[in-house]
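Listed in Swiss-Prot for this protein:
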ACT_SITE  HIS118  active site, proton acceptor
SITE      ASP122  site 'Structural role in the organization of the active site'
SITE      ARG304  site 'Important for mas ACP domain recognition'
Amino acid sequence: MFPGAVIRKLAFSEEIYARYQAFTSFTAHVRGPVDIDAMSEAFDALLQAHPVFAAHLEEGPDGNHHIVANDLLHSGLVVIDGRRAENPHVQLDQRDSLFRLQLTLGESENLVTAYVHHSLADAHHLGSLLDELLSRYTDVVTTGDPGPITPEPAPQPAEDLLKRRGIKQSALTGFERFLPLLFAYDLPPIAEEMRKFEAPEPVPVTRCRLTSQETADLVSFSRDNGLSFNAVLAAAILLAEWRLRETPHVPIPYCYAVDLRFLLSPPVGATESTNPVGLATYLAEIGPDTDITELAADIVATFRADLSDGMIHQSALRSGRILEGTPPGLPPFILCTNVSTLPPIRTPEDVELVDFHSRIHCAMDVPFGFYACSIATDRLSIELHGSIPAPQLLLDAIRDILCSVPSEYGLFME
């Protein structure tokens with residue numbers, strides 16, 4: 001059936017990403033010289049340590065995809081001169097490769113971009129791979145050797161992982177709290193069916209960054225008020241969306257991804273599973289007098305209750321329908337990740353990590369917004385992915401709320 005050796009069939013939670021040919025990319029902005037040969041050697045070592053990423057996907061007769069080993073060597077590092085006026089987008093093809101690495105050379109910064117198929121890795125997984133790549137690169141530059149290589153098995157599907165942890169699917173999903181909204185309001189029609197493309201295209205993204213001081217102030221505000229940083233950020237996003245939607249009487253459905261690795265016992269390694277991610281839900285009923293601390297506290301309380309009930313753990317067993325946007329009859333969803341903090345990454349002494357961002361690539365149009373939040377180099381970054389109107393207006397409103405909160409609540413930093 002397949003010309004190469006089949007590693008395994010994709011699980012249900014992974015298949016949705018194959019059908020949309022979805023890749024996620026992380027880009028590290030580095031200042032300082034980059035040795036191309038050393039980066040290429042580090043990438044080769046990374047693929048030897050994680051050989052599944054040297055494979056590709058093939059569609060079976062039933063329409064489902066399989067991970068199939070490649071008979072040929074991986075194409076390796078792609079080097080682009082970013083000083084040229086135009087550069088073509090990297091060609092992503094799941095039938096050829098599940099991991100591409102691109103080095104873009106610039107005047108003041110160089111960009112190291114890792115593209116990984118979403119069927120095999122979520123953001124946490126990809127971040128770990130990029131960290132390992134740069135660590136091995138540092139070893140090659142400083143010692144001439146990329147370090148020990150112990151090949152890892154293919155990561156487990158979330159379904160298998162959760163089954164081994166005793167997690168079972170229940171009848172409840174968390175979306176029940178949105179049912180009172182179903183066809184309850186006069187809402188504009190949802191966009192027509194999403195356009196499909198032959199090959200993955202980069203999804204539009206708009207971004208804002210707080211300064212390191214603004215980020216530190218916000219962290220202090222959250223801690224001093226007994227709130228999680230994630231909840232404060234979620235409350236700011238909800239308040240900004242509520243103000244700009246101009247439908248003050250309509251509650252807002254909020255959905256956010258939850259990394260289950262540290263919520264399971266025993267904890268799950270960064271590269272042990274493909275997408276061990278649950279989905280938490282919250283129904284925001286906001287008015288002119290809604291206080292950000294009260295809203296954030298209610299988000300935390302709802303999350304803890306759903307976590308205690310096992311709702312969030314078992315949500316990873318369900319379909320990726322949320323990737324297709326808001327169902328008919330409901331107000332537009334807000335989709336968001338929890339904040340991920342990039343740990344210090346090893347680099348040679350003359351190389352400095354100065355920025356970090358992500359991008360989604362898939363073979364369909366994304367006519368809804370998806371927030372991705374992270375802290376790197378001590379600065380909060382908020383990305384808004386999707387083909388939506390006025391994304392910068394939303395991000396500016398969120399930033400204004402986040403930057404004004406510490407002073408409004410009495411936290412002044414010198």
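Glycine too: its Cβ is placed from the backbone N, Cα and C atoms.
Projection of Swiss-Prot feature records onto the structure.
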| residue | record | contacts (Cβ under 8 Å, 6+ apart) |
| --- | --- | --- |
| HIS118 | active site, proton acceptor | TYR17, ALA22, PHE23, THR24, ASN275 |
| ASP122 | site 'Structural role in the organization of the active site' | THR24, ASP259, THR274, ASN275, PRO276, VAL277 |
| ARG304 | site 'Important for mas ACP domain recognition' | none |
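Under the DSSP three-state reduction, the residue listed as 'active site, proton acceptor' is assigned to coil, being neither helix nor strand.
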